[in-house]
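Record features, source TrEMBL:
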DOMAIN    B:12-439  domain 'DUF112'
TRANSMEM  B:54-76  transmembrane segment
TRANSMEM  B:101-124  transmembrane segment
TRANSMEM  B:136-153  transmembrane segment
TRANSMEM  B:160-179  transmembrane segment
TRANSMEM  B:199-217  transmembrane segment
TRANSMEM  B:329-348  transmembrane segment
TRANSMEM  B:354-377  transmembrane segment
TRANSMEM  B:389-406  transmembrane segment
TRANSMEM  B:464-489  transmembrane segment
Amino acid sequence: MDALTQVTIDFETSHLVFPRLISVILALMGAAILLTKRQRIAGAGGYWRETLSRMDKARFFGTLALTLLYFSLMVPVGDIWPNTGRGFLICSVPYVLATGLLFMHDRTIRNVVPLAIVALLAPALVWWLFTDLFFLTLP
Amino acid sequence: MEFLSLISPLFLCLVVGGTLVGIIFGAIPGMTATMAVAVCLPMTYSLGLENGLALLLGLYVGGISGGLVPAILLGIPGTPSSITTTFDGYPMAKAGEGEKALRIGIIASFCGGVVSLIALFFFAPALANFAIEFSYVEKFLIILFALTVMAALSSDMLMGIFSGFLGIFVALIGVYDISDGGNGELRLIPPGTEYWLEGGFSLLPVLIGLFGLAAILEEAETGVKQGQTMDDVKIGGGGGFSLGIFKGQFVNIFRSSGIGTFTGILPGVGGSAASILAYSNAKTFSKHPERFGKGEPSGLIASESGNNGLTGGALVPLLSLGIPGDSTTALLIGAFTLQGIQVGPLFIGNNPETWNAMIFAMLLANVAMLVMMYVAIRYFAMVVTIPKHILFPVILMMCVIGAYTINYGIMFDVWTLLIFGLFGWVAVKLGLEIAPFIIGFILGPSAEVYFVKSLESFGDLTIFFTKSWIALVLWVLIIGSLAASVYIARNKRATDQLA
């Protein structure tokens, strides 16, 4: 009985012990989920089709596309003026404006003007706070 | 009372100012008490030890407390420890009881902070001695207990536990850190991504992604309905709130504050585990557990007194052992280092004035938090009156700032934010539970170290049962929490079938 519970851990491979244990637990629990929820899993295709049909595709995928563009451009733009955080500032202004316009339903002057002011002021204030006051690195 | 000589007008201003800035940091999703302390830490160099600590402790208390504002009004936890505040606070806000929920949260936060402060002051040496006696075995079992109690929070126990283990799995990505006694080898990293994933995923970008970006993606999916902030989230005129709500909550407050304090004391088990344990226990002991998650004040009280209970507890191992109880107190070590002071077992005895000044600063910070938030709650609540088409882009930008600056400028952390934002959106649709995932993610690396080191030291699996009476008590609690979850699930099923 003692031999069954005894464990020797080789230091060289000790980094794999816990991940393997967790993997086995996840596999077992995954199998249990597949078994107990097989009907729901079988109907997953229909669920996702319905989700996609009900989705506001323009706003959802638009947000993703704008965010991807924002993240991708920040560093290259910032590299033009290294260690100034201008990459963040220059990219954040159009990002906030574009995302705001995307989320806005009633694009009237009365709604767009406050958004435009925030899109200019918010990134500028944050940029000033973090670069000039807190001396934190921004892209 | 010699410490009173250290209390100057500057000291008082720094505590109050630090608390105000901390509340603002905590109230903005993606910005935390940890970040507030990190940002202001360099300023303490010129302030001296006591004044520097006054500022940082104010930031700490304010930052933890401020997290309840977005948690209640937006359903986005401002800080990791506010996760459970969203469970009942947000439903209350959606039911038009935002101000009532905020006031309940503020008072519960104050109670938690004061209870933990009393515990810190009177029982610090004893509590520290108790925690220091924990071996890796007991520490591992504490984490296992934290994970199993999460099952009680999940709507589906199986998916809840699976999500918790998935969180652990994701947390193990990267190097098995030498500083934790590991061998420095990489694991679970796809080929070609070693450069980015060597240190694994950072906690804050993961949290911001799961709770910030994912929430906004969900809103975008449904078309960002206009007027929701004003019409659906009714702050109200303060009606419905009275101190009578706290009648019969003494045990809940004391238990939750105690859990928060105790969790804070245990190194590595601090953080959001405090509020989750407190919430889970309040639910387990409640006469109406079915009301939890639907706007139950008891849940809100448990969460907020639990997470503010952490503030005093987390300082115990820091000041008595030099071991931080959570990530924010880890940064406080920096303040001592800047002043050339070693924190350890001799600290309190050798620096009684500083110790007393710290206690006074914590007390003042809690009072300042209560007064400022209670009086100016409508101003703090105004964040939800901003139209979503203005609020969300600014929150997204702040999320980027939070992710980018937490490790002082790593772009991969920003991509982590996007990865986990998408994961959070998909996970909900797959039926995964985000809260257990996060708990697994936070506690995973510690669980690994404690588990592997236990086996390396003793070479026998039975050690997890035979190490000490504490281990046995913890097993009883683990089995009890699982049994309670099964019992609750069966009761719920039976009730659903009857309905």
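Placed from the backbone N, Cα and C atoms, the Cβ positions cover glycine too.
All TrEMBL annotations are machine predictions without curation.
Among residues of the same chain six or more beyond the transmembrane segment (B:354-377), those with a C-beta under 8 A of the stretch's C-beta atoms are 3, 6-7, 11-12, 15-16, 18-20, 23, 49-50, 53-54, 57-58, 60-62, 65-66, 99, 102-103, 106-107, 109-110, 113-114, 117, 120-121, 308, 311-312, 315, 319, 347-348. Counting Cβ pairs under 8 Å that are 6 or more residues apart, the transmembrane segment (B:54-76) and the transmembrane segment (B:464-489) reach fewer than 3 and are not in contact. In the predicted model, residues of the domain 'DUF112' (B:12-439) average a pLDDT of 80.
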